[in-house]
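Contents: one structure, followed by commentary.
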Amino acid sequence: MSTARTENPVIMGLSSQNGQLRGPVKASAGPGGGGTQPQPQLNQLKNTSTINNGTPQQAQSMAATIKPGDDWKKTLKLPPKDLRIKTSDVTSTKGNEFEDYCLKRELLMGIFEMGWEKPSPIQEESIPIALSGRDILARAKNGTGKSGAYLIPLLERLDLKKDNIQAMVIVPTRELALQVSQICIQVSKHMGGAKVMATTGGTNLRDDIMRLDDTVHVVIATPGRILDLIKKGVAKVDHVQMIVLDEADKLLSQDFVQIMEDIILTLPKNRQILLYSATFPLSVQKFMNSHLQKPYEINLMEELTLKGVTQYYAYVTERQKVHCLNTLFSRLQINQSIIFCNSSQRVELLAKKISQLGYSCFYIHAKMRQEHRNRVFHDFRNGLCRNLVCTDLFTRGIDIQAVNVVINFDFPKLAETYLHRIGRSGRFGHLGLAINLITYDDRFNLKSIEEQLGTEIKPIPSNIDKSLYVAEYHSEPAEDEKP
């Protein structure tokens, strides 16, 4: 079975068994960094890309068309309004507006055209502090607008008259680098001359070297690749004023911590560091004490799990798992689902089984070629398939708002892994389901994770209320439909 789509992909809908429709999946735009993100086009799928958002002359021309006193918002191309009800994870705000932060109008235009209407709680806390130049240590849930929280001040502080790298965003996975770069490109599209480059392992190093020979203002990278470019003298970072560590707990784990230490040592001493993470292990605290100067600490996590995600478990034997999954597919109204396995081999075997059952399915794991991973990520994000089977490669920051069901086919060993997995549904305050298939060997781990996260994972009922996870059952009426 091939998971990549070539030409004219034919998608097998899940028929009337579970009420799902054939054809591409659509997700509404959402405000505040958690909205439906612009999809990467095929010519942008190379994991290393430099994007020039117009020229200064084009920006001036655009600005000239908006005369002082005009209602410039009327010129915006806004996405459809997201009418889905949201949880307090994103609605419990102070009532601030993006205009309150005195941002450039060109940046505001990009923000509103993303469908971001008002700042989310993490954005209200982060944006003004980041604009002041102070270091930040922020703890916030997955899917609450963290990308917007750091990209907005990062773009506001760029000096486009200079032709050097001024900001870096470091992320742990190639897919997350692609996603963040696409958001950055879209938000900055009205800022004439802003150049954003994504660079990750698994792509041609020569391409990176050629792109860095031209002007680049923002680099979004995985740790190993950017350190390699710095050591080669290709990526000149002596003018970097801001570095962001997204998913900092992963970046400062044993896999990456020495690389991150080496990167920080190459930066100017007066650089600003922004750390964002859902969990703060000892490694993050140690890094903070060594490198952050009187950081402003943000903690928006009274509880760890997203309020919109309802969690269930089903006791099964290993042999019953595929049958149980088939039952879930037939009974649930799935918009898109992500199914997690604990190894690459099990991912491929399960994807084959799902395909044999007659359901559309892609798979993705770290052992696949990068261009193949890019294609799968792009196609699933664009709604060309309902179900994605994957390893924990897909747990970090990936924001696909159409996903309303996450299934742990294999239960994870760590509470942190569980937290990031179920955070793929219920993005930006919306509702979703997390269903765990639990074997006899998993029972103690289930209890341990419940206790560590302070959450409740309930036995799965025979019928699951659609209002817990289906958008049509929990949407607000449109303005013109309200009484």
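For all residues, glycine too, the Cβ spot is worked out from N, Cα and C.
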Of the residue ranges 206-209, 246-249, 378-381, which one carries the motif 'DEAD box' annotation in Swiss-Prot? 246-249
Of the ranges 255-285, 286-316, which one does Swiss-Prot flag as region 'Gyf binding'? 286-316
Could you please provide the mean pLDDT value for the domain 'Helicase ATP-binding' (127-298)? 92
Just name the most isolated of the binding-site residues Ala140, Thr144, Gly145, Ser147, going by other Cβ atoms within 10 Å of its Cβ. Ala140
Would you kindly list the residues that approach the motif 'DEAD box' (246-249) from elsewhere in its chain, counting only those six or more residues past its ends and only Cβ-Cβ distances under 8 Å? 146-147, 150, 169-172, 176, 180, 275-281, 283-284, 287, 396-397, 416
